[in-house]
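Structure first, then comments.
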Amino acid sequence: MSLSIDNQRSGGRFWGGLSLRRKQVVWAWAFLAVPILFYALIRFYPTVEAFYLSTTNWNLFSKPGFVGLANFERLWADVVFWQVFRNTVLYLAIGTPVSLALAFTIAYHLDRVRFLHGFIRALYFLPFLTTAAAMAWVWRWFYQPVPIGMINDLLSSFGLPQQPFLRSTSQALPSVLAPAIWAGLGFQVVIFLAGLRAIPNTYYEAARIDGVSNLTILRRITIPLLKPTIIFLVVFSSIGFLRIFDQVYNMTSGDPGGPLNATKPLVLMIYQTAFSSFEMGYAAAQTVVLFLVLLAVSFLQLRLLRDR
Amino acid sequence: MAGIELQGLVKRYGATQVVHGIDLTVADGEFVVFVGPSGCGKSTTLRMIAGLEDIDGGEISIGGKVVNRLEPKDRNIAMVFQNYAIYPHMSVAENIGFGLHTAKLDKAEKRKRVEQVAGILGLEPLLERRPSALSGGQRQRVAIGRAMVRDPTVFLFDEPLSNLDAQLRAQMRLEIKRLHQRLGTTIVFVTHDQVEAMTLADRIVVMRDGRILQVGAPMELYEKPADVFTARFIGSPTMNVLPGRVVTEAGIATLALGEKPVALPTTVGTVPADVLVGVRPQQLRVLAGDEPADLVLTGSVAVIEPLGSETFVHVEFGGGLILASAPAKSPPAVGAAVRLGAPVAALTLFDAASERAL
Ligand SMILES: Nc1ncnc2c1ncn2[C@@H]1O[C@H](COP(=O)(O)OP(=O)(O)OP(=O)(O)O)[C@@H](O)[C@H]1O
Ligand SMILES: [Mg+2]
């Protein structure tokens, strides 16, 4: 308000001379200016800085020296990087479809439940609100050997062999992924539910009169109409799984990254390079790679899923 | 082809009963319109016929077969919804063809059916378009096409025209009527627009508060309304209803209303003392000078509404306004004192207590 009063006093003629549309535009920019400035300062500047740092050998203690693409060459030749890259891709490739399929199945059925609907939805949403660290500790405890670990207890009571879970190079990654999927599920369920609610009931009634099967209704009506929701969740959860960190860090905290780096994702590698080895230039090169991967994946998904 | 029979149809939502035992027989090939004010249970009744709502009492048969427990798809009906319910992600052809999804026809035959229906409705050039690229009337036609393609025995329409503007509504009304003449399929049509009901129906069902008030052909309802509600609901503009007193002396009943008592025909039978007198604006004319009439009312003109072919005049009478008609060319002036007259045959008498026609 004060802005408009000032404007009218000092630049009264200028403000009064603007058309209504222009005035709206000026107001819109006035409101946008603060977040844009904030973003430029907090987001874009460090991003640009990271690009610059990725071409230096900065290690916190010395002045950064320009080394060209040496960091990227080193990364290309680094076996650990490729292991980490593979892990990250696995988190994405398993996490996104599994979590979306689960969330959709739950939402689809929950949508038909009236009894305790809100309560069940809250139960699914709760993990989303819980800190990753606390949850990770509970899950670690699940995965312990007998007699502590619940899952192994269950297995042995059925006479099945014990599983090493987090201690195994092959089982560690899925074991870390499970709580990560579980944690994000509530959010996805709620979004799916909102999407399902937005589909007019008469679409289903018309289909019932036409006598098509539930499966056809699902395939030909529900899923196509949910497409905007699905696109959003695919992109959103892909970004989440590509940037997975706290689950891994907390689940394997004695040995971050699991046995033989079996669970280590890119973000954890960046964290370790930067804050254990203090190789800031090298870490910056890794963030640049992560950034490019995120960009490429999101772009690709949007292109593939958009209306043809 | 099939008729519909409703017997003691009841619907409750929780504790509130919204349909109170409806009995109705719809003949094969008949066009029946349900009409009534908002919330009177028209849609609910239609949806029970369709099988979209469970029935809490009574019986529905279609084509002589009780369908109370049949799924909608097994009732061989088709329904057109108010919001059309056509799928935005499918083309017009796919939308129309969706009703054939379960039919045991091969692709070419299905396509042929779709094209045939599109031909009838004039949708051929639009078959590959998405609904978002159609006008309101075209969408409405797609919705009808979807219903037609399965060749149902009964069409159910739930206010299919209420999303259209007045001109388009009149046009679609005509198209639906012609379609019915061409296909001869039984149609149950719900609307709250009495003009739609009058123009479309073979028979009109007037509903109020979950009950049927009257069933009859349009002109029958117009000329012999069973009660005040139907009388005022059917016909445009609304019928004037005035309180009056009837005096019966030596077997001759006279109505004390207006300038002079009106002698009622002897056919009326026993008449209560307090009545409501209904007279349609078209039959209550502004009299020229001291022209005689059976019923004569006097008052001063409040508002004049010229419609071109005739002019309606709102006249202050008995503390309210009554509507009368005047010649289009020479209407009275606002504020002028006028005499209004109607023949005794144009009067409909209602019992003031029960509001039923006498
Ligand atoms: N799901 C429901 N739960 C409770 N009451 C309902 C439900 N659906 C409808 N009703 C009630 O039933 C009555 C009849 O509703 P209905 O939809 O049949 O009215 P209508 O005659 O079609 O009115 P309109 O002309 O406004 O469409 C209304 O009083 C409405 O409030
Ligand atoms: Mg309705």
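We count from 1, first residue shown onward.
Cβ from N, Cα, C; glycine included.
Taken from TrEMBL, the feature domain 'ABC transmembrane type-1' covers A:85-301.
The transmembrane segment annotation in TrEMBL covers A:25-45 (among others).
For A:89-110 (among others), the entry in TrEMBL reads transmembrane segment.
Annotation comment: TrEMBL describes A:122-142 (among others) as transmembrane segment.
According to TrEMBL, the transmembrane segment annotation covers A:176-199 (among others).
Look at TrEMBL and you will find A:225-245 (among others) tagged as transmembrane segment. Only residues 6 or more beyond the boundaries of the transmembrane segment (A:225-245), in the same chain, are considered here, and those with a CB under 8 A from a CB of the stretch are 88, 91-92, 95-96, 99-100, 103, 180, 184, 188, 191-192, 194-196, 199, 203, 265-268, 271, 290, 293-294, 297-298, 301-302, 305-307.
Look at TrEMBL and you will find A:283-305 (among others) tagged as transmembrane segment. Same-chain residues lying 6+ beyond the ends of the transmembrane segment (A:283-305) with a Cβ under 8 Å from its Cβ atoms: 47, 50-54, 56, 58, 71-72, 74-75, 81, 88, 92, 227, 230-231, 234-235, 238-239, 242-243, 266-267, 269-270, 273-274.
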Item to check | Surrounding residues of the transmembrane segment (A:176-199) on its own chain - C-beta under 8 Å, 6+ positions past either end | outcome: 91, 94-95, 98-100, 102-104, 106-108, 110-111, 121, 124-130, 132, 135-136, 139, 166, 221-222, 225-226, 228-230, 232-233, 237, 240-241, 244, 247-248, 251-252, 258, 263
Checklist entry - By Cβ distance under 8 Å, which residues at least 6 away from the ends of the transmembrane segment (A:89-110) in the same chain are close to it? => result 117, 120-121, 124, 173-174, 177, 180-181, 184-185, 188-189, 191-193, 196, 218, 222, 230, 233-234, 237-238, 240-242, 244, 265, 297
